[in-house]
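Asker: So that we are looking at the same thing, I have put the structure below in structure tokens.
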Amino acid sequence: MRRAPSLRMILVAFAVSLGGPFHFGYQLLITNPAQSAFIRFFNETFDSELHITVSGSTLDKIWSFIVAVLFLGALAGSFSIRPVADKIGRKRGLYLSLGIGVLSATASACSKVIPSVLLYSCSRITVGYSAGLSLGLSALFLSESSLKECRGSIGMIIGMCVQLGILMGSILAMPQIFGTVRLWYMIYVAEILMMLTFLIFLPFLPETPGYLVQKGTLEAAKKSLMFYFNCNDEAAEVHLIHIKEEQKLLENSHTMVDVMKDASLRRKTFVGIVVMLAMSFSGSTVINAYAVELLRSTGLTTFQASLANVGIVAVGMVGCYFLLILQKHKIQLLLLSKLENILSNY
């Protein structure tokens, strides 16, 4: 039976998503609209800090590499999700990822004041690590805190907040706002303030029921269930039994050989691989990272390209909204989005 998530769970989902997935989206785009400002900063700082003079083409290559190291950090963060979640818990894991994010964004902002190319470059890696870790932990936190029937809707909110972060980054990084040689550090100051705002709300959220059951603290797990599921003591007991049963099933891990032998597992794995490959090769990441430069190459001014970039991201937000309200038609929407990707490449 389909159930809509409660208002409390929706608010929790937005709060957690704005603390994690939002910043992943935010970091995806900020270097593109403000690219000219960053390159000028690098050009001046290479000479003063490292006493190196580099050509324009070499500087472009160095900058492209520094943009890309964010994803290396995010990859490392994604590998840390399970160890961190199991070792210190989902909630404390969010504290850790946000703490790293605040320190990394502070280092990025301070690299302007010092100034230091090396500090900024290192901060890009740790920012990526924090973003990748917080994205995964947020999804795990919300999955374990919501009813099974509502997890799809809650997952959509995560996607919406990623897109919202991209939209916010595309606006704040415009040359007309903070994307200038003098003010680009304010892009990171704004992000720090947003992360600290989330840290104010996080202490009021209990640890997830799934983790508490895993650790054997059943009374705390029951209280957590009563908070997130907005239910009474008896209903919490029933949910507690279901969580125990789920965790027993998860103890039976499957190897790749098991997956290939079992037709049901093989089918599910194949569907997941196809969907992820389609998303990975859709070009959306490239568009997010280089949209302004691509638009400028068509003859648009920097201001026009920045506005067009905001428009592209806004359309993505609308798409996320339609996906949220048309959940019964996921396959049709997925096929439609891939068809649009193919047509747009022509």
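Every residue, even glycine, has its Cβ placed from backbone N, Cα and C.
TrEMBL entries are annotated by machine, without manual review.
Found this in TrEMBL, in case it helps:
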DOMAIN    13-346  domain 'Major facilitator superfamily (MFS) profile'
TRANSMEM  62-81  transmembrane segment
TRANSMEM  93-114  transmembrane segment
TRANSMEM  126-142  transmembrane segment
TRANSMEM  154-177  transmembrane segment
TRANSMEM  183-205  transmembrane segment
TRANSMEM  270-291  transmembrane segment
TRANSMEM  303-326  transmembrane segment
Asker: Under 8 Å between C-beta atoms and at least six residues away from its ends: which parts of the chain pack against the transmembrane segment (154-177)?
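Answerer: 5, 9-10, 13-14, 17-18, 21-34, 36-37, 135, 138-139, 142-143, 146, 183-184, 186-187, 190, 288, 302-303, 306-307, 309-310, 313-314, 316-317, 320-321, 323-324, 327.
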Asker: Check for me, if you would, whether the transmembrane segment (62-81) reaches the transmembrane segment (126-142) - at least 3 Cβ pairs under 8 Å, residues 6 or more apart in sequence.
Answerer: yes
Asker: Mind checking which residues of the chain, 6+ beyond the ends of the transmembrane segment (93-114), have their Cβ under 8 Å from one of its Cβ atoms?
Answerer: 16, 19-20, 23, 41, 77, 84-85, 120, 122-124, 126-127, 129-131, 133-134, 137-138, 141, 184-186, 188-189, 191-192, 195-196, 198-199, 202
Asker: Who are the chain neighbours of the transmembrane segment (126-142) in space, where the CB to CB distance is under 8 Å and they lie at least 6 residues beyond its ends?
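Answerer: Apart from its flanks, the transmembrane segment (126-142) reaches 12-13, 16-17, 19-21, 23-24, 27, 69-78, 80-81, 84-85, 90-91, 93-94, 96-98, 100-101, 103-105, 107-108, 151, 154-155, 157-158, 162, 208.
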Asker: Across the domain 'Major facilitator superfamily (MFS) profile' (13-346), what is the average pLDDT of the model, as a whole number?
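Answerer: That stretch averages a pLDDT of 84.
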